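Q: Following this message is one structure expressed as structure tokens.
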């Protein structure tokens, strides 16, 4: 929790104490008392504050500048926080080691549904997290429109391990800006439903689309929502049946839940974190160095010129589901302290300073 948050709570408690001293107690109707308790609890959990608007955030970034120096101490400290809260080295994906036969687990996105690991699911898991840890130099690539005409493709592809979000297009028209290399790509079940009709009639189209990701891991939240399990399993079987180069990993719901709690404790209150923040969180726990690209959820770039929402289209997300400005401010803070590097300018215009 931020110092400001603590101060607000202490102030509000002090104010209530003063009011209690000045005014005699009165008996309230039971319904009114219950309502007061609910309101006070809500304000305690979610203290009232005003998030800066888009223009204020952009102006703040411009004033602070994007100059950056790696801070190994800050990076190690945050990696330790990730290890302590969420253990990505062991819990990033479902494995035979962390999800043994017969284990009962809860969907992290639903409170009413659980599932039990049986032979049909256990056989789909790798023995352990299939990465040689720690990963050295990682690039996490979001899909923000700020990547368009960025010239960042070569810099992204220089990373040892590249993570991408939501099966993004990597055709030749984009590679100069976003690169072509991938080691891990996320795929939300909603994409499988909407773009590939749940793989009921378009298995070949799906397999052909996956070829662009070469030997990547396809990381899917099969056990976040009950409705996501079936399409995720279909992806596994489809790629397995044709001997595709890609390997499906299922996100561990305990890991996703822990990441959600971690960021909620730091002020991000959203129905669900974005895929990008989940990936950055994992990278900060798995990688020695982290650089992120395309994490800019605003309608203008650093020169206050209009940009599209994604580098490949301008389709806006559903309002209120993610807390993108809050997420950005948290990542921007990590950039400023040197724990990760956030690329916001054209790559050829950026000169990195040496490690401190």
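Quick reminder: no glycine exception, Cβ is built from N, Cα and C everywhere.
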Q: With 166, 274, 275, 276, 296, 310 listed by Swiss-Prot as CMP-N-acetyl-beta-neuraminate-binding, which of these, 143, 198, 245, is given for the same site?
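A: Looking through 143, 198, 245, the residue Swiss-Prot assigns to the CMP-N-acetyl-beta-neuraminate site is 143.
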Q: Match it up for me: which of 11-29, 30-48 does Swiss-Prot list as transmembrane segment?
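A: Based on what Swiss-Prot states, transmembrane segment spans 30-48.
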Q: Of the recorded positions 245, 287, 347, which one has its Cα closest to the Cα of residue 143 (CMP-N-acetyl-beta-neuraminate binding site)?
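A: The smallest Cα gap between residue 143 (CMP-N-acetyl-beta-neuraminate binding site) and any of the recorded positions is with 347.
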Q: Looking only at C-alpha atoms, tell me how far residue 274 (CMP-N-acetyl-beta-neuraminate binding site) is from residue 347 (disulfide bond), rounded to the nearest Å.
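A: Between the alpha carbons of residue 274 (CMP-N-acetyl-beta-neuraminate binding site) and residue 347 (disulfide bond) there are 25 Å.
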Q: May I ask which residues of the same chain, at least 6 positions away in sequence, place their Cβ under 8 angstroms from the Cβ of residue 276 (CMP-N-acetyl-beta-neuraminate binding site)?
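A: Counting only residues 6 or more apart in sequence, the Cβ neighbours of residue 276 (CMP-N-acetyl-beta-neuraminate binding site) under 8 Å are 140, 142, 165, 292, 295, 327.
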Q: List only the single closest residue to residue 245 (N-linked glycosylation site), chosen from the binding-site residues 166, 275, 296, 310 by CA-CA distance.
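A: Of all the candidates listed, 166 is nearest in space.
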Q: Please state how far apart, in Å and to a whole number, the two most distant Cα atoms are among 143, 166, 274, 275, 276, 296, 310, the recorded CMP-N-acetyl-beta-neuraminate-binding residues.
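A: Across 143, 166, 274, 275, 276, 296, 310, the two farthest Cα atoms sit 16 Å apart.
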Q: Quick check: in three-state DSSP terms, what is residue 71 (N-linked glycosylation site)?
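A: It is coil.
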